[in-house]
Amino acid sequence: MRTIVQTLPGSASTDKSETGRTFAGVGVSPGRIIGSILLMPQAVREPAVGDRLAEGTSPEEASTALRAAAKAVQTNLTTRSVGASGAGREVLEATALMANDPMLIKAAVKLITTGTSAERAIWDAAASVAEMLHNLGGYMAERATDVLDVRGRIVAELRGVPAPGIPYSDTPFILVGEDLAPADTATLDPAKVLALVTSSGGPQSHTAIIARALGLPAVVAAVGVDALAAGILVFVDGAAGTIMVDPGADEVALANGWATTTAALAVFDGTGRLKDGHLVPLLSNVGGAKDAVKAAAAGAQGVGLLRTEFCFLERDTEPSLAEQVEAYRGVFDAFPGKKVVVRTLDAGADKPLPFLTDASEPNPALGVRGYRTDLSSPGVLERQLAAIALAAEGTEAEVWVMAPMISTAEEAEHFAGLCQAAGLQTPGVMVEVPSAALTAASILGHVDFVSLGTNDLTQYAMAADRQLGPLASLNTPWQPAVLQLIRLTVAGSRDEGHDKPVGVCGEAAADPALAVVLVGLGVSTLSMTARALSAVAAVLASVTLIETQGLAALALTAHSATDARRIVREKLPILTELGL
């Protein structure tokens, strides 16, 4: 766990009219921290169509200003890249190169000579260059995003406003904004960002997921928090879901206590078990070989979810068999002798692929996604299964395979047949659609296991987009209706007659209190971000199986998600002791 950087009251500017003010949101990643806030800059507005040079400004002056702005952006990004590492450094370096790209600048200057303003010129020039790169495909198509990122930065420089994306600071800070886009997180430095706070989003939003993955305290859906002034000192409690302005001695003590707790939770011995010795394997969700190596080092007992999208995203063409084999084998090699559950390509909805999905679908979350893409683009799934089988050869990992977005027993039977044809012996399916939970016994008649994807299961059960802040109270797996669907899935496994494994690989497994309830409902394995392993293990070790079943019964009969969470947490004093 990370070392908490403390900032004492009085060391940052605070509007005294705000002192003691508290914002309530949804806690999505535990932790207690005090620090000064930095605000996510507003998105850069598109210049008006047809925007012309200001009166008295010559094309030469506008061109000079444009070149100076582009150079300033390049210098800033290059400076930031020196202190970055890994993927963040690569993103910054690539964007810095594009900022002063001769082709881009030349195209913009050409538009300026016709009387177009510098802002509109770079906007339109970047759009044309991005389209050209996209049409070239392959690596060049991937650079189209860099061009559009640079466009916003240059326009911001011309306007004299903060650049879009994660703000830069020499000192650690708490990041506050409306929400984080997936692209923003590539340059998020967990050594500088103490906590994440957003005014929108929900428990399963991208901000929540990245916070849990990085081990950062986080609160989402805290309405109005993004109106605070930069530099104000706040106390963030990621478990309680609160933000307090100008904290006092009590909050300093809580933050110091959390720093001690993180050190105590730094080690997981590699065996998930209850107080009475009942084993609950704790696995990890990973998105590639690098994640797998980190998860293995953290003590994960295997992989409960390998997201194979990492092979396919940001591509215009399907990866080759050899590319897929190499990517999967890197994960298998990290877990010799242990289970690795591979989820086949979950394209569609928030993960569109130009060669596989239809971007014009009116309702992509309910459209052709996951397993369903095999209907519209047959062959891709079979080739992926062949790659998984080849990658498994010669490794010591125990490879299981599951399909996302399965709705019927007929679909499960078809997928199991494809796995058998590929030589994969342990097929399973994701339970993300309520119909799959309701017909679990029939589905398990064709496959060997199921894994509950609680993120989508909650979204579909509650008819609530998981990215929308106003629906955050609906979009939580603590909803009694969602817990009932989990109970029915486990019951279906028992009714099928073979007690086949029912795991959870959604974000719910990373919530220590909810993990207790899931075990009480009969879930056999839990898979989560590697950073959550030690906390979940510590809480599970404090209860017996009978106690988990009692808490599960209380949660099932609760009046609301809020009541379910409150009742269970009140029965688990270890959560308060550990600041979880």
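Even glycines carry a Cβ here, placed using N, Cα and C.
Here is what TrEMBL says about this protein:
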COMPBIAS  1-14  compositional bias 'Polar residues'
REGION    1-21  region 'Disordered'
DOMAIN    25-143  domain 'Phosphotransferase system enzyme I N-terminal'
DOMAIN    173-241  domain 'PEP-utilising enzyme mobile'
ACT_SITE  His206  active site, tele-phosphohistidine intermediate
DOMAIN    273-543  domain 'PEP-utilising enzyme C-terminal'
BINDING   Arg307, Arg343, Asn455, Asp456, Arg466  phosphoenolpyruvate binding site
BINDING   Glu432, Asp456  Mg(2+) binding site
ACT_SITE  Cys505  active site, proton donor
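Rounded to a whole value, the Cα-Cα separation of the residue listed as 'active site, proton donor' and Glu432 (Mg(2+) binding site) is 11 Å. Shown for the domain 'PEP-utilising enzyme mobile' (173-241): DSSP residue counts in helix, strand and coil, namely 18 helix, 19 strand, 32 coil. In this view, Asn455 (phosphoenolpyruvate binding site) is surrounded by 20 other Cβ atoms within 10 Å of its Cβ, with every protein chain counted. With His206 (active site, tele-phosphohistidine intermediate) as the anchor, the candidate binding-site residues are Arg343, Glu432, Asn455, and the one with the nearest CA is Asn455. Sequence-distant neighbours of Arg466 (phosphoenolpyruvate binding site): residues of the same chain at least 6 apart with a C-beta under 8 Å from its C-beta are Gly202, Pro203, Gln204, Ser205, Asn455, Asp456, Thr458, Gln459, Asn475. A separation of roughly 13 Å, to the nearest angstrom, links the Cα atoms of Glu432 (Mg(2+) binding site) and Arg343 (phosphoenolpyruvate binding site). Between the two most distant C-alpha atoms of the annotated phosphoenolpyruvate binders (Arg307, Arg343, Asn455, Asp456, Arg466) there are 21 Å. Using a 10 Å radius centred on the Cβ of Arg307 (phosphoenolpyruvate binding site) and all shown protein chains, the other Cβ atoms total 20. Secondary structure at Arg307 (phosphoenolpyruvate binding site), taken from DSSP and collapsed to helix, strand or coil, is strand.
Residues of the domain 'Phosphotransferase system enzyme I N-terminal' (25-143) grouped by DSSP class, helix first, strand second and coil last, total 73 helix, 14 strand, 32 coil.
Arg343 (phosphoenolpyruvate binding site) falls within a strand when secondary structure is assigned with DSSP. Sequence-distant neighbours of Arg343 (phosphoenolpyruvate binding site): residues of the same chain at least 6 apart with a C-beta under 8 Å from its C-beta are Leu305, Leu306, Arg307, Thr308, Met402, Ala403, Pro404, Met430.
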